[in-house]
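S.K.: Straight out of Swiss-Prot:
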type   : residues : note
SIGNAL : 1-24     : signal peptide
SITE   : Tyr30    : site 'Greasy slide, important in sugar transport'
SITE   : Tyr65    : site 'Greasy slide, important in sugar transport'
SITE   : Trp98    : site 'Greasy slide, important in sugar transport'
SITE   : Tyr142   : site 'Important in sugar transport'
SITE   : Phe250   : site 'Greasy slide, important in sugar transport'
SITE   : Trp370   : site 'Greasy slide, important in sugar transport'
SITE   : Trp427   : site 'Greasy slide, important in sugar transport'
Amino acid sequence: MTTLRKLPIALAVAAGVLSTQAMAVDFHGYARSGIGWTGSGGEQQCFKTTGAQSKYRLGNECETYAELKLGQELWKEGDKSFYLDTNVAYSVSQRDDWESTDPAFREANVQGKNLIESLPGSTMWAGKRFYQRHDVHMIDFYYWDISGPGAGLEAIDLGFGKLSVAATRNSEAGGSSAWINNQRKDADKTINDVYDIRLAGLETNPGGSLEFGVDYGRANTQDDYSLAPNASKDGVLLTAEHTQSMMGGFNKFVVQYATDSMTSWNSGHSQGTSVNNNGHMLRVIDHGAINLAEKWDMMYVALYQDTDWDNNNGTTWYSVGVRPMYKWTPIMSTLLEAGYDNVKSQRTGDRNGQYKLTLAQQWQAGDSIWSRPAIRVFATYANWDEKWGYNNVDKSPDNGLAQNGTIGTDSRGKSNEVTFGAQFEAWW
């Protein structure tokens, strides 16, 4: 009987412990979804200039997308701790009630803080991770992003700044081959490793700081496998970024230079098996978000990127845009986004241009331009004139090369369109 009396107490204690542990799980993420129409008929179209690496996103997103993050501090003793972080991402076309998709397992890592006595404040980590990503939110453009499986040690306090070192990996389809038993065998995948060194928090002026980074990427073939003779093999990405606190927000000025394998994505990912990316890239970005007045906030971006490839298939991309926000109440606002992209083909010398305007009425959880969740209704107008595109004829020797006109290319020609709809966006 004594044992039976103790059993409910034990179960209650166990339930309490499990409940406490469950409550300690951190749930973070990002999501957006909505519905839209095109003025000429059909579902919402989205508009991106051929040759540009991004588009102005307000009222110009045509998919349902979500990142669901679960994490928990697994152990803590004094200032030492271990934290598990995971992230699964989904993307569907938002055409149907039931839309199945294969999720992307984006993150699964453990971060250990203050594990090295001689390096207080540092974090040791290993696993798949979004690693110190730098982006321009209004065009959804990640200009410094080496995310992937990896390991590193970050935030090493040097007194004048903080040092971080990491190694990450991604892969390319095919890319290398070998002769085995007198037969050619092509690899299904060839991995690329990236080695990253960053020095951040260098104070330059009141409210201002510098960050420098060096990324070296190279293709890493299996034993007995080799790359094509003219493959780029490796490359570097150099980054300098100045961040200035100003007008209730911030401004970031970025200069980047990349070579060879690091010029395909221009973000820190390497494609060393490619024979088409020998050359260099120069990029300059100025972007930020500021408070203009009591009822006015604004995001802005100006970007220049010149990719000069030996095969003359590079581009010069200019982009400039603003997104002012007028706050009628602490939870209701009107936004206007105006953006212009222009991309010149290195091969043809012609240009593709597009300007896009979006007017949105928004209800959001707060009075900042960053406040989310938000529900918005929008109308978008886009006008484009494209003189060139990339050859998209299967098995053509010129497939993937820039050429004039719309026949046999992905050029959109010259046209304009109107779309309208509603969308929610949230992060937490």
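Glycine too: its Cβ is placed from the backbone N, Cα and C atoms.
Keep in mind that this is a model prediction, so the values were computed, not measured.
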S.K.: By a simple count of other Cβ atoms within 10 Å, which of Tyr30, Tyr65, Trp98, Tyr142, Phe250, the recorded sites in the record, is least packed?
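M.R.: Comparing Cβ neighbour counts within 10 Å for the recorded sites Tyr30, Tyr65, Trp98, Tyr142, Phe250 gives Trp98.
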S.K.: How many other Cβ atoms sit within 10 Å of the Cβ of Trp427 (site 'Greasy slide, important in sugar transport')?
M.R.: 13
S.K.: Could you find out if DSSP has Trp427 (site 'Greasy slide, important in sugar transport') as helix, strand or coil?
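M.R.: Assignment for Trp427 (site 'Greasy slide, important in sugar transport') reads strand.
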S.K.: Just to confirm: which same-chain residues, 6+ apart in sequence, have a Cβ under 8 Å from the Cβ of Trp370 (site 'Greasy slide, important in sugar transport')?
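M.R.: The list for Trp370 (site 'Greasy slide, important in sugar transport') reads Ala289, given in order along the sequence.
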S.K.: State the Cα to Cα distance, in Å, between Tyr142 (site 'Important in sugar transport') and Trp98 (site 'Greasy slide, important in sugar transport'), rounded to an integer.
M.R.: 31
S.K.: If you measure from the C-alpha of Trp427 (site 'Greasy slide, important in sugar transport'), which of the recorded sites Tyr65, Trp98, Phe250 fall inside 10 Å?
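M.R.: Neighbours among recorded sites: none.
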S.K.: Round to the nearest Å and give the CA-to-CA distance linking Tyr30 (site 'Greasy slide, important in sugar transport') with Tyr65 (site 'Greasy slide, important in sugar transport').
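M.R.: On Cα coordinates alone, these residues lie 8 Å apart.
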